[in-house]
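K.L.:
Provided herewith is a single structure, encoded as structure tokens, for subsequent inquiry.
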Amino acid sequence: MTKPFSVLLASLLVITSTVSPLASAQQSQPLDRIAAIVDEDVVLQSELDRAVRNVKSQYAGRDNQLPPDDVLQRQVLERLVLVKLQVGRAEGSGIRVSDEELNRAIASIAQQNGTSVDGLRQKLAADGMGYADFRASVRDEIIVQRLRQSFAQSRISVSEGEVDTALAQQATTGSQYHLAHILVGLPEGATAEQIATGQKKVDGVKALIDKGELDFSAAAVRYSDSPNALEGGDLGWRSLDEIPNAFAQLIRDMQPGQVAGPLRGPSGFQLLKLVEMRDANAGGEKKVLTEYNARHILVRIGDNQTEAQAKAKIDTLRARIVGGADFQATAKESSEDTNSRGQGGDLGWFPADAFGPDFGKQVEGLTDGAVSEPFRTQAGWHIVQRVGTRQTDVSAENQRAQIRETIGRRKLEEEYNRYLQELRGEAFVSFRTGDRADADATAAPEPAAAPAAPTPPPAQPTR
């Protein structure tokens, strides 16, 4: 069964359901209301309503897992505020998305959903979303992604020592963990009263879960202050090197289905659930790569040498080599590849696709010692001699690269979440909707904004 188009795009639109206030106001009758002021920007009520609808569409048939409408609206509004702040910070640092880049991204979204851009327009219209609003939301998502990339490049590094330690740890445990969490956030420099309120709230949430009155995912949606609350607090699969050291030992001793905590971390109190675990090495296969050693001679085409002249020259050089001339000596004398000419055309060891598919196809088709027929690439006319082949085990190299990536991802997540907290804490935010209307703030809401001691909603399913 085909999913509704709004569901297919929900993950994009929940996070970045932002539009140009002017454009949206011009399209809305009556004039759109302001849901929140965010520094010099605004979140419109139409943006908030649309994002809430998208969350509800993701929970179709599971409505009892969602919090009351006022709590859901507050959670979604906080997420939209964070998007506005990130976009503002990115644009202030010079991050831009051109119309051409935006058009390519939208064409890709259309293709992924099995339609054309025109078809995308029609489906958006059927779901009640203007195309201009959709373009703005996609632009904002790209901007936020680039801000994260810039943040990672400037602040995140992984040393070889960290990779070595993680590899040793993985060899000992060999496990991966599917985790979920609930965060009861605390502001930086929290007072004793704020800490006590947060402790009371997290204890109440844990009690609901332990009694079976609320499952973990529903509790996360309802009570967590984490950015992934609306995904049930799901953290996905993690290896130990992706888990903060303070929690790694605890998780190693847990059983699937078990909930640990409350745990005090830098962001507040956390409940941690081990959903399931698996052997990271199960099904792992040794990866062997075929590499080639080859020499080549290049004759370029340019202002001083026509296509026909270049082809005639390469034909002559090949004839000399086939007639007994030494390939390396001929390359040193006649090749126009300045990088390899001094080495007799030697390219060293390389995988088949290292110099493009046309070059690789020629090398793969030769036997060791054989010389190819002349062939054309963008660089010009070539002949290549295959010297040898070897099988290289790249499993260890790939494993190190994967470990480096996972450590970097974990560091980025931790640091970027702290960065978002700082960004939110420094911002001027004034809510104009719901029970927080006219509440001006320069920091994120304290945990007491949600019930301090949660009580179960009626008719909640038990585990």
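Backbone N, Cα and C atoms are what each Cβ position is placed from, and that goes for glycine too.
Bear in mind that the values here come from a model prediction, so they are computed numbers and not experimental data.
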K.L.:
Quick test of your reading of Swiss-Prot: among 224-253, 254-283, 284-313, 434-463, where does it put region 'Disordered'?
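P.N.:
Going through 224-253, 254-283, 284-313, 434-463 one by one, Swiss-Prot flags 434-463 as region 'Disordered'.
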K.L.:
So how many of the residues in the domain 'PpiC 1' (174-276) end up helix, strand or coil by DSSP?
P.N.:
41 helix, 33 strand, 29 coil
K.L.:
Averaged over the whole of the domain 'PpiC 1' (174-276), what is the pLDDT?
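P.N.:
Reported value for the domain 'PpiC 1' (174-276) is a mean pLDDT of 89.
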